[in-house]
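K.L.:
Here it is, the structure, as structure tokens.
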Amino acid sequence: MSPLPMNGSLVMGHEQDSYDGDYSYLQNFMGRLTGFHLWDFKFSEDQIQNWMTCGIIQNALLSWIDLPWILHNTTGELKILPKDMGPCSQEQNSTLLLFINRMSWQAAQTFLQDKQLNMVVPHNAQESTNIANIMQNYGQSCKNDHYQEIYVWLGVMQSSGLNNSDYILDVNTNKTLTYTPWNNVTYMKIKFKTEEKCCSAQGLDGHWTIAPKDSSLCFLGVEEEVALPYYLAGECGFKEIFILTGYHRNSLFFYGVKNMRIWRTTNNAWVLWDVMKKNKLAMVKTKHLPLGHRSWTLLSKFCGLLPNTTTTFTLTNCKGFTCPNGECIKWDQRCDQQADCPGGFDEDNCHTAEYTSYYSPLTPPPAPFLLKLHIKVNRVTSVDLVRMMFDVDFVLTVKWKDPRLQYQNLHLITSLVLPKKNEPWKPKLSVKNSLDTADKIAGSVYIHQEGQGTHIINDTLYRGDENSLSTKFHMRLSAYCDIHLQRFPWVQHQCSVLMKIPNVRETETVYDPASSVTQVMQAMVGTYKIVDWNLRIQNNSPSFALLLSLHQQAEYHIWTVYLPTTLLMAIGYGTLFLPAERFPERGGMSLTTLLVLISLYTDASAALPNTSYIKLIDIWFVFSISFLSLIIAVHLATCKTDDLQPTFKGQGEEGWLAGTLGREQPL
């Protein structure tokens, strides 16, 4: 409590929700009050930047330096720092935390890095003495088979430099140390280079030694100004924040922000205490810190459970996933089909969805039901004009959202796996204008991570209405075309695949405007050119259509129909220039040309469907046939009677010869 002008007081922990409220333990906190100032004017941006960089802003009504504080410390846990130990002081206030879970030097470094702590490095005799005092008071468990004395690892290593000289480095700052209190034996080994360069440790006498790197020793972490929060979370929904701080009963303990503590007892048991109620809540036995996923035994009614029952609590400071042994991995390594935790714990319980009690795989999601369609056309294999059908190969992707589901541990695209391998609801598909109209069953269902997840204990949870599901239909079918041949072969056909999702409610279906069609590079299909793809959708209807525009390439029919018929007409017309007396040649050539044209017309008609209207190509053939028929009529009209009877009535060869010779002589 600190006095303010006009007989006022500032009380940390005062009830702020009611007028003249008293002290409330529920609103106290564990922290460090490092400054209190009061100005009667608004800061400019320059003043804010100056204050953030530890500058001084003059003319304060109240200043931290001038405020006397009255400390009400009935529990003995409240501390007030000296006025020169704030965040802008030159001296850094740090806390030494002794970890009695013995490890190798490298394992200890990794452990401390996960806890955002540095391995201790003394820079003078006083700091070495402080380390020795902590070892003396709390390090009785640090003795091992190799060392009867107590040793702790130091963040110190040797490094070779120029001229084969060695430097003693602080591994935290990578700077050379000048304070190196080696014991005599170690000093001689280093001087004559008979000792390996890892790793340094300190004993109770304050001297340093070199220990084998695979030795298991205790170690100290240095906690700077801001303590790292630890979270205790249970399957029952309990969650509390703790800070790893000072010592209680010769061991580190966890200080809860809401009057809870985790203390170590004499029999290697860690107990969760409610300090205000003086009640033991739960207990777990371990020689090390109770980090990671552990089975706790309840000592009283807590978390909705009865005493002597067990439940799993997770104590961690990880920003990602916590392994059972307390190691940290990234959240995106959870359920990535690769074991990252010892024993592959991060790959357990990797079903990707949970469903609500009212979920049914037989009913679609509630309205409004938004569908997003995407069709990828792989290939149009053929177009059959006679049957008025076309063969197409495409993949239909359907995306939707289901608020009845909750997903967990998603990656960009994840397979949907429900508990007990239950089948989820997924759309069916029927094609209405195909030879096969039976409903098609979708394949696997995938989840697309689109929303932000929420980290809950061991999993990252995602809402069903923020992340999409998708499935694919691989279709290869024949569908009918709407073909109009009046101007054939200069025509454009409109073909379509009429589809429907039969297991959705018709009046509640809404299509995403971003629904689209893409086509693999295929411009030509036989004598047709693909000019356009479209997707026709209509809200409040489960039906939709894939539309295809095919342009008939006339070049083929020009070369196979129009050019041959033109040549035939030219041949027929050319017979008019033969002498009138040579009727058999003129008549025979014209008639043969007409018969060939009729045969060509028959073949062309057989390749086209029967229609009730006249096609442009029919008009061309009728014109060609009429043209040749007219030429034959001209030949018949211009022939002479004796041309039709070339022989005399004489008998035998002589008569035939006389008749022939007589016809060739002029009259």
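Placed from the backbone N, Cα and C atoms, the Cβ positions cover glycine too.
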K.L.:
Do you know which of C328, C335 TrEMBL records in a disulfide with C350?
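P.N.:
Going by TrEMBL, C350 is disulfide-bonded to C335.
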K.L.:
Can you look up which of C236, C303, C341 is joined to C323 by a disulfide in TrEMBL?
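P.N.:
Within the candidate set C236, C303, C341, TrEMBL assigns the bond with C323 to C341.
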K.L.:
Compile a sequence-ordered list of residues in the same chain as C335 (disulfide bond), six or more apart from it, whose Cβ lies below 8 A from its Cβ; state 'none' when nothing qualifies.
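P.N.:
In sequence order, D346, E347, C350, T352, Q408, N409 meet the Cβ cut-off.
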K.L.:
May I ask which residues of the same chain, at least 6 positions away in sequence, place their Cβ under 8 angstroms from the Cβ of C323 (disulfide bond)?
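P.N.:
Those within reach of C323 (disulfide bond), by Cβ under 8 Å and sequence separation of 6 or more, are G292, H293, I329, D340, C341, P342, F345, D346.
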K.L.:
Which one, from the disulfide-bonded residues C341, C350, has the smallest tally of other C-beta atoms lying within 10 Å of its C-beta?
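P.N.:
Across C341, C350, these disulfide-bonded residues, the one with fewest Cβ atoms within 10 Å is C350.
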K.L.:
In terms of Cβ proximity under 8 Å, which residues at least six beyond the ends of the transmembrane segment (620-639) contact it?
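P.N.:
Long-range Cβ neighbours of the transmembrane segment (620-639): 561-562, 565, 568-569, 572-573, 575-576, 580, 583, 586-587, 590-591, 593-594, 597-598, 600-601, 604.
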